[in-house]
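What TrEMBL annotates here:
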| type | residues | note |
| --- | --- | --- |
| ACT_SITE | E269 | active site, proton donor/acceptor |
| DOMAIN | 18-180 | domain 'Histone acetyl transferase HAT1 N-terminal' |
| DOMAIN | 279-330 | domain 'Histone acetyltransferase type B catalytic subunit C-terminal' |
| SITE | W192 | site 'Interaction with histone H4 N-terminus' |
Amino acid sequence: ENFFLSGLTAMEKKLAEYKCNTNEAIQLKLVRFPEDLEDENTTFNPEYSHQVFGDDEVAFGYKGLKILLYYIAGNLSTLFRIEYTSKVNEKFDCVEADDVESKIREIIPPGFCTNTDDFVSLLEKEVNFKPFGMLLHTYSIHNEEAGEDITYQIYKADMTCPGFREYHERLQTFLMWFIETASFIDVDDERWNYFLVFEKYNKDGATLFATVGYMTVYNYYVYPDKTRPRVSQMLILPPFQGEGHGAQLLETVHRYYMSSPTVLDITAEDPSENYVKLRDFVLVKLCQDLLCFSPVKLMQGFSQEMVTEAQQKLKINKQHTRRVYEILRLRATNMGDAEQSRSYRLDVKRRLIGPYKKKQRELAKMRRCLRPEEMTNQLNQIDLNLQREQLEESFQQLVSDYRRVLERLAQA
């Protein structure tokens, strides 16, 4: 028996050596120049790989596994290769290695390169790649490293643009690695809009374009003759994150829909925390000059006028307008003044308590159906104290989020 157990642990140890974390194994690159292929600095890794490799984010059966997914910076032509130092052998180890290749093939479109030479010869054709669709906005950002201003452009594209469908298939594979609950969209549904960000760069005296990120928006129909665009996915590729492209993209998209008389307002599907912070910044930036948000009016409280003006002029819905109001009112409030700060706190908490009040009403309904001894008074007391604590915590968290938005605004 002992022999069997020690044998098992030796086997287990051996097998454990053949487990690789897929977030580390997958190596992504956006390639502009042949030398990028050898340059470690151009490699980045996924944040997530659970959708492809399961919740453990592990591939079994290889030592030193590398899953290379290299993309040409502009049109995203793909090189896909798997490398490893050793692999379990079915004959001797009686276990089978995961079929990593077929898992990746499920999410990347066919027509990729498998060797570097083919990929490099495609790279030479990249000079012919041009952005899809209609140019909406051009902006530049000063790059410390390069010591110069770099120009970016935002385009609106659709499936009628030649080559866009295939390009979009390659682009959306990045969602799997950087959005926790990513899913591919039905591109045959014509209500999708696509907004793309590109960087202009120089190579041998020519101007080329590199993909920076994108956003998909779905146009919901609202009876009788309006639409309500809903942001579905938004991704700025990791090499470009933290440079302000998300804000540029979201603001450009808002401005695009603002000019359309049939659009009611813009919403978002299941937004992440980061997206909410980004949206707060962009919407506050758009709203701060509206008359209804003057300091005097902010101090009089949230009003229908704010809702109407933000919706009509900027296509912002009521719920988001309320957040904008709270952020701008915080800026106009002297939090060192006891009266002003108390008034602000009550105003925000009144909104925060809404869901609790709803819960109270549901509890009251339950009480009518239950015998009194089943619902003791004590329970209510605990409930109220807990509520107060949670409410205070939510309030403090909000204020610190709002302050960050205001700091960013002050620098903008």
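Including glycine, each Cβ sits where the backbone N, Cα and C put it.
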Reported mean pLDDT - the domain 'Histone acetyltransferase type B catalytic subunit C-terminal' (279-330): 96
Under 8 Å by Cβ from W192 (site 'Interaction with histone H4 N-terminus'), same chain, sequence gap 6 or more: D158, M159, I185, D186, T216, V217, Y218, N219, S232
Cβ neighbours within the same chain of E269 (active site, proton donor/acceptor) - under 8 Å, at least six residues apart: Y218, R230, V231, S232
